[in-house]
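What follows is a single structure, written as structure tokens, with notes after it.
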Amino acid sequence: METGGSSESPAEPKRGRSRAPKKAAESLLKQKSPAEFFAENKNIAGFDNPGKSLYTTVRELVENSLDSAESISELPVVEITIEEIGKSKFNSMIGLIDRERVDAALYDDYETAKERERRLAKEARAQEIQAKNAASGKKVKEQSAGKGMKGRGEGSFYRVTCKDNGKGMPHDDIPNMFGRVLSGTKYGLKQTRGKFGLGAKMALIWSKMSTGLPIEISSSMKGQTYMTFCRLDIDIHRNVPHVHVHEKRKNDNKWHGAEIQVVIEGNWTTYRSKILHYMRQMAVITPYAQFLFRFISETSDKNVTIKFARRTEVMPPVPLETKHHPSSVDILLIKRLIAETSKQNLLQFLQHEFVNIGKSHAERLIGEMGSEFSAKMPVKSLTDQQIVRIHQLFRQAKFDDPTGDCLSPAGEYNLRLGIIKELHPDMVATYSGSAQVFEGHPFIVEAGVSVGGKDVKQGLNIFRFANRIPLLFEQGADVVTRTALKRINWGTYKINQTQDKIGVFVSIVSTKIPFKGTGKEYIGDDIKEIATAVKSAIQQCCNQLKSKIIKKLQAREQQERKRNIGRYIPDASAAIYDVLQAMTQLHASKKRRYNEEDTDLVSKVASRSITTATLKEKLSEHVARVDYEMALEYATQSGVSEEPREDVYIQALEPAAADAKKFLDFHSPAFVFRLVC
């Protein structure tokens with residue numbers, strides 16, 4: 001055995017094969033912030049494409065403005081402006097210099113000479129077909145844009161500005177209110193307009209994804225001598241605001257409210273009708289608000305300005321936050337309530353954290369839970385098994401239904417005014433139902449049905465509202481649509497479903513709207529309680545309209561009957577006059593004698609006191625009198641009390657105006673007529 005240094009013992013590792021000790025494998029688990037999740041799944045919040053993103057941005061800003069004004073009982077004044085930004089202007093905003101294309105074939109909208117020739121030939125054929133259809137009176141479809149108009153890189157950009165007279169926002173809270181997803185003031189159990197609680201945060205995320213530009217907020221609260229200005233964007237990966245400017249400025253005009261400005265990619269052309277339809281429906285459901293909508297285009301002939309004036313000053317009450325109903329909670333919610341409660345024992349917890357559980361009811365529930373439960377046991381000491389037992393008992397026990405006191409429906413008066421203001425129908429009926437319950441959550445259904453009107457298509461025109469916001473998408477699967485189309489026999493109510501212009505308005509308010517689908521754009525038809533309430537509300541409106549329609553038909557029949565009888569009056573008058581003349585001749589020749597009354601009539605005919613014109617006039621008066629007496633007899637038999645009555649609301653004079661002007665009051669059992677001098 002060699003004793004040289006080159007020899008290695010078997011236990012020693014061989015040279016050249018030595019390796020560093022292995023590091024522990026890094027964890028493959030990754031986390032996403034809420035902002036990052038919604039950025040990757042923006043379709044959930046209604047940001048499917050540029051066009052719908054523009055619509056959703058407008059909707060979120062308008063609804064935030066309404067909530068803000070209503071929270072301080074201020075009549076809302078909302079101004080929404082969409083300003084089109086051309087490519088050159090947008091590039092200058094972000095500091096880019098316009099460049100001419102060097103390699104045209106590199107671009108998506110590039111087409112060869114043959115492709116261009118084929119496209120032009122196809123467009124020419126389409127125009128020829130359109131011209132033939134127009135000449136024959138057929139409906140002409142708009143021609144879709146060709147490949148030359150495609151250009152994914154040629155996006156359209158818009159500056160969306162929304163200004164209101166609402167509550168405003170605290171200076172220090174603004175960065176987190178806009179730059180931190182899933183932080184806000186609307187997460188209690190109450191009726192809210194929002195669907196996800198994202199508000200303008202999602203508009204900021206879309207702005208960062210499509211333009212990279214920050215959002216600008218100006219805000220001032222009532223009584224503040226300053227106005228807050230904040231420019232910020234969001235760190236999507238960390239879900240924290242990135243503030244550029246946050247300062248206080250002078251507020252000499254003592255303005256209160258908020259003004260939000262964001263630049264996003266959008267598509268006004270394809271979603272113009274949806275945005276205007278949304279504004280119109282919002283004016284229907286909130287007639288106490290004033291909206292000013294403006295679209296400013298690069299070409300002035302495409303500008304749009306629409307003002308939706310306020311029709312009433314009657315506002316619905318502010319929705320109240322309420323406690324959970326025992327039948328609506330799950331195990332996780334019970335655990336959260338236990339963690340957040342300030343109550344010490346189980347009895348107090350049941351009494352004060354849930355609705356419709358009084359002291360005696362809570363004691364009975366605790367006795368039913370088992371021997372390991374007691375009224376004085378600390379609520380924080382409940383085990384997971386005990387919490388499951390409480391949840392099981394909540395699902396099985398009987399509780400009174402929650403009341404609808406916490407809800408804020410639009411109101412029958414406001415709904416009627418909104419329909420009249422925007423549609424100008426020939427007749428309208430409204431109905432507001434009482435509070436009902438679905439899975440422990442109260443809900444109220446209001447409905448309106450109109451016939452006739454301006455800009456209303458023939459057939460059924462369905463308008464859906466959830467928590468006083470319009471629902472414009474996925475209408476076919478909605479409970480309102482299916483009920484109006486399949487469960488209402490319109491012919492029974494003297495309404496022609498295909499030829500009449502019918503407007504069906506249904507508004508549902510609740511502490512929890514049971515939306516279906518990720519976009520939360522419709523309410524499913526599988527919820528029996530809501531489907532029954534919707535059908536009943538529409539039927540109530542139809543019954544009101546039926547009596548009006550019948551009276552209208554009767555009046556029309558009366559006019560038709562008078563017209564038909566009137567056609568025979570000239571001939572009947574001439575025939576009667578001929579008979580009277582013959583009687584006069586017989587009387588003059590003494591061939592026939594008449595009594596005193598007939599002799600007087602014959603003498604008047606002989607002296608021309610009675611002529612054909614006189615008979616025609618008397619017959620017309622007789623027909624009118626008989627027709628009136630028949631109508632009066634019908635009304636008496638039907639009963640005056642059955643006649644539908646409508647409440648008429650007249651705005652009172654302001655105290656100052658009443659004192660400054662003289663007026664006379666004319667009183668009657670039904671009304672007071674005030675004549676202002």
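Cβ coordinates are placed from backbone N, Cα and C, and glycine is handled just like the others.
Feature annotation from TrEMBL assigns region 'Disordered' to 1-31 (among others).
Residue density at Lys520 (ATP binding site): 20 other Cβ atoms are found within 10 A of its Cβ, drawing on all protein chains shown. Taken from TrEMBL, the feature ATP binding site applies to Asn64, Asp164, Thr185, Lys186, Gly194, Lys195, Phe196, Gly197, Leu198, Gly199, Ala200, Lys201, Lys520.
For 131-152 (among others), the entry in TrEMBL reads region 'Disordered'.
TrEMBL lists 402-561 with the feature domain 'DNA topoisomerase VI subunit B transducer'.
Taking the Cβ of Leu198 (ATP binding site) as reference, residues of its chain lying under 8 Å away and at least six apart in sequence are, in sequence order, Phe38, Ala45, Glu60, Val181, Leu182. Take the CB of Ala200 (ATP binding site) and look out to 10 A: across all protein chains shown you find 21 other CB atoms. Of all the Cβ atoms in the protein chains shown, 22 others lie within 10 Å of the Cβ of Asn64 (ATP binding site).
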